[in-house]
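Participant: Swiss-Prot lists GLU74, GLU99, ASP126, ASP149 with the feature S-adenosyl-L-methionine binding site. Per Swiss-Prot, the feature active site maps to ASP149. Swiss-Prot lists LYS153, ASP185, THR222, ARG223, PHE224, GLU225 with the feature substrate binding site, giving sequence analysis as the kind of evidence.
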Amino acid sequence: MNLLSSDGVQVLPRPFTLNERRREVRSFVLRQGHFTPAQKRAFDHYWPRFGVDFIGQLRDLDVLFGRSAPKVLEVGFGNGAALRFAAQHEPRYDYIGIEVYAPGVGRLLNGLAEDGSRHVRLYHYDAVEVLNKEIVDGALDEIRIYFPDPWHKKRHHKRRLIQPLFATLLVRKLRVGGCLHMATDWADYAEQMWDVLDATPGLVNRAGLRGQVPCPDWRVQTRFERRGQNLGHRVWNLLYDRV
């Protein structure tokens, strides 16, 4: 039998010991960046309302949000513009955002408080860790990944987020009938996304093999997108269904 605490955490049969936690290898570094005073205050005032502290135990997301609704995850939300826009325009969904860049988290916290949002929760942590240890398989209706770091030098391509193991992890967390939406303004990253996702069991490109879709109305144009367009880059929107 699964035991749930009041904050939606599924209590595991044997939690990690302190020594086990120390031995874990982190695949990321939390990025502090330059905090404005307002962003610092946002963490102090609004993290208890919107933030989720990583504890390494599976969560019941319906308990976490206090309702049963479709769950959307945005990985690497940056300054939070896309996530905030979606929360404003699609209130029937519950949103989970993950970001390692602290000033971006602070900026979004301020925006969510200004909007009076009730259906958004944020992690300031690594997406792989959160997905592996806190999200139940099949719990998500949609995953959104917009303009991940392209690591444009060829020798750095191995650092890109969209790799076979990560794609398999995303498939596990999506329910059948859910979808994965990604956007990039780097042509060779779009090619890599197609290579990886077309070869991942459980995903089917809604636009056909190596196809793309128009920008959906749920995605606002980000500053990264505008910057890319100013540099002459086009944007690829890839939409995959979980089957």
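Even glycines carry a Cβ here, placed using N, Cα and C.
Bear in mind that the values here come from a model prediction, so they are computed numbers and not experimental data.
Quick one: how deep are these features, and who are their neighbours?
Facilitator: The Cβ of ASP149 (S-adenosyl-L-methionine binding site) has ARG159, ARG160, LEU161 as same-chain neighbours under 8 Å, each 6 or more residues away in sequence.
The DSSP secondary structure for ASP149 (S-adenosyl-L-methionine binding site) is coil.
Listed in sequence order, the same-chain residues six or more apart from LYS153 (substrate binding site) with CB atoms under 8 A from its CB number zero; the list is none.
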Participant: Quick check on the binding-site residues: of GLU74, GLU99, ASP126, ASP185, whose CB has the lowest count of neighbouring CB atoms inside 10 Å?
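Facilitator: If we count Cβ atoms within 10 Å for the binding-site residues GLU74, GLU99, ASP126, ASP185, the smallest count is at ASP126.
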Participant: To the nearest Å, how far is the Cα of THR222 (substrate binding site) from the Cα of ASP126 (S-adenosyl-L-methionine binding site)?
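Facilitator: With distance taken Cα to Cα, ASP126 (S-adenosyl-L-methionine binding site) is 21 Å from THR222 (substrate binding site).
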Participant: Measuring Cα to Cα, how many angstrom lie between GLU74 (S-adenosyl-L-methionine binding site) and GLU225 (substrate binding site)?
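Facilitator: On Cα coordinates alone, these residues lie 16 Å apart.
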Participant: Calculate the distance in Å between the alpha carbons (Cα) of ASP185 (substrate binding site) and ASP126 (S-adenosyl-L-methionine binding site), and round it to a whole number.
Facilitator: 23
Participant: So how far apart do the S-adenosyl-L-methionine binders GLU74, GLU99, ASP126, ASP149 get, largest Cα to Cα in Å?
Facilitator: 14
